[in-house]
Each structure stands twice: as C-alpha cells, then as structure tokens.
C-alpha cells in the first residue's frame with residue numbers, strides 16, 4: 001500500500017551567519033511550497049533489494065539503486081549521480097539494517113515555488129488536489145529559487161523510507177526523522193551545515209539554535225576509520241538527545257510573508273566562506289558586528305512573540321490596533337538590516353548589496369509594508385518582506401505598476417505554512 005509525505009521549504013528571516021554557532025538563535029519560517037514523495041512497496045521476488053526513485057517533472061529524472069549491502073553506498077544502475085538520494089538511502093539503511101529483501105518505488109514531486117517556471121507545462125492530479133509544473137530540462141539545468149529544495153528532498157525521502165520500515169514514525173518520533181535527515185544531508189554535502197533547513201523541513205516554522213557539529217563529525221570519522229562500527233555508532237547518535245532548539249513559532253495574525261525572486265543569484269557557500277575568513281582574520285571587529293546583529297535578531301523575535309501573545313489574549317483589540325502597532329517590529333527589522341549592512345561593509349561580502357538596499361527601501365515606502373530583509377545568507381537573488389494582510393494586494397500592485405523601479409521583482413506564489421513534514425493522501429497524486 002502506498003504512503004505519501006510532504007515537507008516544506010523555508011524562508012530564513014533572522015540569524016544569517018550567526019546560526020553557524022550554537023550560541024545564537026535564528027528565526028525560520030516554513031513555506032507552502034513543499035517537496036512530496038509517494039512510496040509504494042512492490043513484490044519481494046528479487047534476490048537483492050531495490051529502490052527505484054523517479055522525478056517525472058524533470059527530463060531524465062530516474063534513478064534505480066540495487067542494494068547488496070546495508071553498509072555500502074548504493075550504486076545507481078546507469079551510473080547516474082544524485083548525491084542527495086545516495087546519501088539518504090545509505091544513512092537510512094545503515095540505521096535500519098533491514099534483514100529481508102525489499103523492492104520500493106518512490107515518486108518525487110516539487111511544488112512550483114522551488115524552481116524557475118520557464119518552459120513548463122502544468123499537470124493536475126485526477127482528483128484535482130495537486131498541481132505541479134513539468135519541465136522540459138533535467139533538474140540540474142533548471143534554476144532553483146533558494147527555498148531549500150535539497151533539505152526538503154532529503155527530509156521527505158528519508159521520511160518515506162523510514163515510514164516503510166518503522167510504521168507511524170512520523171506521528172511518534174519526529175526526532176528520528178530529523179536526526180536521520182540531518183546526517184544524510186550533511187553526508188551529501190560533505191560538510192556539517194547549520195542544519196536550519198532540514199530542521200524546518202521536519203518541524204515547520206521554528207526558532208532554531210543549532211546542534212554541536214561534533215555530533216555528526218565524530219560519527220563520520222568512525223565511518224572513515226572503522227566502517228564496521230559505523231551502524232552501531234549511527235544508531236546511538238540517532239537515538240541520542242542533540243540538545244538543540246527548535247521551538248515552534250508562527251508569524252502574528254494579520255501579517256503575511258512575501259518572497260520576492262530577483263534575477264541575480266549568488267552562491268551561498270562562497271558568501272559564507274568569505275564571511276568566516278573575515279571573522280577569523282578580524283575577531284574583534286566581527287564580534288562587534290555579530291553582537292549588533294544578534295541584538296536586532298532577538299528584538300525581532302521578541303516583537304513577533306509579543307504580537308502573537310497579544311492576539312491570543314485579546315484578538316479584538318489586537319485587530320483594531322494592528323495598523324498602528326507595527327512600528328516596534330518595523331524598527332527591529334530596520335536594525336537587522338543595519339547589522340547586515342555593517343556585515344556587508346566590514347567583511348566586503350555582498351550580503352545586502354546596494355541594489356538590494358535600494359529595492360528594500362523602495363518596498364518600505366509602500367503602505368502596509370512592515371519591513372523586508374535579504375533572507376538567509378543574503379546576496380542578489382531574493383528578498384523577504386512582511387506586509388499587513390489587508391494591504392498585500394495593493395502592495396503587489398504597486399510593484400507591478402512600476403517594474404523597473406522595483407527591479408522587476410517577482411512575488412513567488414507561496415505563504416507561511418507552519419507545519420513541517422506531513423503525511424498526505426496517496427490518492428491525491430494519481431494521474432500526474
């Protein structure tokens with residue numbers, strides 16, 4: 001019997017760069033653009049186990065893995081390389097150590113927000129519940145929009161595989177899903193990232209503080225030095241308490257998040273490595289900037305929390321006063337931008353480059369705009385803007401009326417969706 005799952009994309013609103021250190025909090029919003037996986041067990045007449053994965057929205061989107069060992073990396077039969085799928089299968093099987101042969105088919109879908117929408121054809125499922133864009137090119141040739149597609153992919157494939165071997169794991173132990181996906185994502189990337197994107201894919205909108213990187217680093221060293229011990233150490237790590245923060249959160253009532261795609265593009269790893277180099281070379285200077293940024297981030301989170309609490313205790317007054325009570329939140333966002341501008345200037349890395357400063361300043365002039373930032377590591381490719389819900393239509397219209405003035409920003413069709421990984425109905429994907 002088939003099972004289906006989905007995991008959200010992310011918008012990283014506060015905590016860029018600081019999130020790499022386990023002393024700082026970050027604020028990450030889960031988005032309505034989701035990655036999907038439908039898993040179906042086939043017959044088990046095979047002598048060796050097999051996992052077939054397809055991504056029908058992209059050309060050549062098929063990978064077939066024959067599994068001869070639970071402790072070796074899977075090999076794709078046509079030598080097609082997909083490091084994220086390989087890593088996920090490898091970590092799941094090393095953890096589960098299945099003793100019986102299995103034959104699994106996984107079909108992956110991604111919502112339109114993850115990729116450029118040029119040269120696409122729309123397809124809708126038989127019951128009308130799901131609609132996806134089909135591309136004429138291979139996935140490696142289609143531009144991504146920076147919503148966390150690799151973290152979403154690893155999370156949803158890990159969830160579907162784990163759910164096959166451990167029924168109901170999604171409802172009984174999300175920490176297992178998170179820990180497996182986090183390890184697999186790091187293994188695929190060959191580095192221990194901050195992990196906020198995987199954490200958001202599993203848990204949803206969160207205030208996040210990272211785990212100690214040594215947790216995963218140590219188990220990878222075991223894999224290199226003593227591979228036979230790896231499954232045992234991996235099991236221990238996945239079952240352990242990582243002591244990281246993932247507090248559920250949500251944007252306040254009446255405030256909407258808009259994600260603006262700006263034709264540009266900047267490679268996140270290059271930005272991050274340059275900032276880390278500056279931090280190493282100028283510890284005192286960087287410490288001042290980090291403190292300034294952290295203070296602004298915490299103020300931003302405090303304002304959001306207080307607005308949510310105010311709505312919960314007295315919704316009527318909150319709604320009545322909302323238009324006039326956003327100023328402290330606007331100030332907090334401006335202070336985050338000042339911190340990012342200082343980081344840009346001191347490190348000489350284009351985190352909030354001049355063109356983005358200009359665009360965000362112009363958005364700020366439109367009635368109903370609470371404030372905007374360059375999300376995540378910053379750069380040229382996106383902006384995230386908070387707008388009063390009753391002004392969203394007018395806000396978008398203003399940017400469309402004068403596209404050159406607003407740098408031809410394209411508002412991606414998505415919104416906050418606070419839930420993390422979810423079980424879906426398999427019938428919603430029939431006919432795609």
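Please read every residue number as a count from 1 along the shown chain.
The backbone N, Cα and C atoms fix where each Cβ goes, and this holds for glycine too.
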Candidate from 3, 10, 282, 302 that Swiss-Prot assigns to the same ATP site as 142, 143, 144, 145, 146, 147, 148: 10
Mapped DSSP class for residue 145 (ATP binding site), helix or strand or coil: coil
Residue with minimal Cβ packing [other Cβ atoms within 10 Å] among the binding-site residues 10, 144: 144
